[in-house]
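According to Swiss-Prot:
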{"type": "BINDING", "residues": "ASP25, SER54", "note": "Mg(2+) binding site"}
{"type": "BINDING", "residues": "PHE174, MET175, ASP176, ALA177, GLY178, SER179, GLY180, GLY205, GLY206, GLY227, ASN228", "note": "sn-glycerol 1-phosphate binding site"}
Amino acid sequence: MHNKIYNSFIDRKAKGIKSFAVLIDPDKVNPADIADLAAKCTAAKVDYIFLGGSLVITNHLDECVQQFKTLCDIPVVLFPGSPSQVSRYADALLYLSVISGRNPELLIGQHVLSAPAVKKSGLEVISTGYVLIDGGAPTTVSYISNTTPIPSDKDDIAMCTAMAGEMLGMKVVFMDAGSGARKPITESMISRVASQVSAPIIVGGGIRDAEKAYLNCKAGADIIVVGNAIEKETSLIKEMADAVHAAAPVLK
């Protein structure tokens with residue numbers, strides 16, 4: 001199994017280079033939007049395009065992936081809300097296990113059902129410990145996953161959860177406050193997790209401005225994911241990408 005995308009996560013982390021990913025929900029874009037998004041992502045030097053959502057009702061995931069692949073050279077990584085969200089045209093798949101919850105279906109149940117199709121797709125599969133953090137309001141992901149998020153002020157619980165995920169073999173930790181969260185994850189929580197986990201840390205949910213993206217990187221996030229804010233204002237793509245890239249250490 002090829003590991004090009006995962007290796008890029010590892011290489012960038014080792015060099016202290018921070019990455020910016022734009023999260024796009026296939027339900028919320030039409031073919032006309034994709035050309036504009038691809039151009040803006042390319043101009044902003046976006047590192048990854050994450051594609052998926054808690055609910056993907058439409059069936060044009062393949063078309064969406066292929067359009068991005070045609071229009072830009074940015075790697076497309078699937079961020080699936082369910083096992084059905086698989087496209088063989090993508091560069092990689094984040095194989096999410098909701099380790100912050102106690103819903104067995106999202107820890108392993110759905111993975112058992114989806115494993116044959118995922119393997120057949122030939123996609124690069126990146127095992128991902130998904131840690132849902134309370135963002136101050138019920139989110140689609142907490143409702144759909146039927147799990148209780150980790151309280152936003154319980155840094156040690158988040159740390160221990162991420163540590164357990166890494167020791168169980170998860171290659172990546174994804175800390176998420178959920179789409180449209182009122183409050184993003186605190187820097188103190190990110191820092192606590194980063195102090196004990198060597199796997200790449202992805203952080204998303206509730207990040208609405210460039211300063212927050214920058215501070216999250218400084219706290220220990222390796223990849224910043226923004227979706228909801230960009231859906232509302234695509235001009236933020238360059239602003240946030242620049243802030244994330246500016247958080248890398250200065251090479252002498």
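Note that Cβ sites are derived from N, Cα and C of the backbone, with glycine treated the same way.
The DSSP secondary structure for PHE174 (sn-glycerol 1-phosphate binding site) is strand.
Geometry remark: ASN228 (sn-glycerol 1-phosphate binding site) versus ASP25 (Mg(2+) binding site), CA distance 9 Å. A gap of 16 Å separates the Cα atoms of GLY206 (sn-glycerol 1-phosphate binding site) and SER54 (Mg(2+) binding site). The secondary structure of SER54 (Mg(2+) binding site), as reduced to three states from DSSP, is coil rather than helix or strand. Each of the binding-site residues GLY178, GLY180, GLY206 was scored by other CB atoms within 10 A of its CB, and the lowest score goes to GLY180. Nearest to SER54 (Mg(2+) binding site) in space, judged by Cα atoms and limited to the binding-site residues PHE174, ASP176, GLY178, GLY180, is GLY178. Note on the binding-site residues ASP25, ASP176: the fewest other CB atoms within 10 A surround the CB of ASP25.
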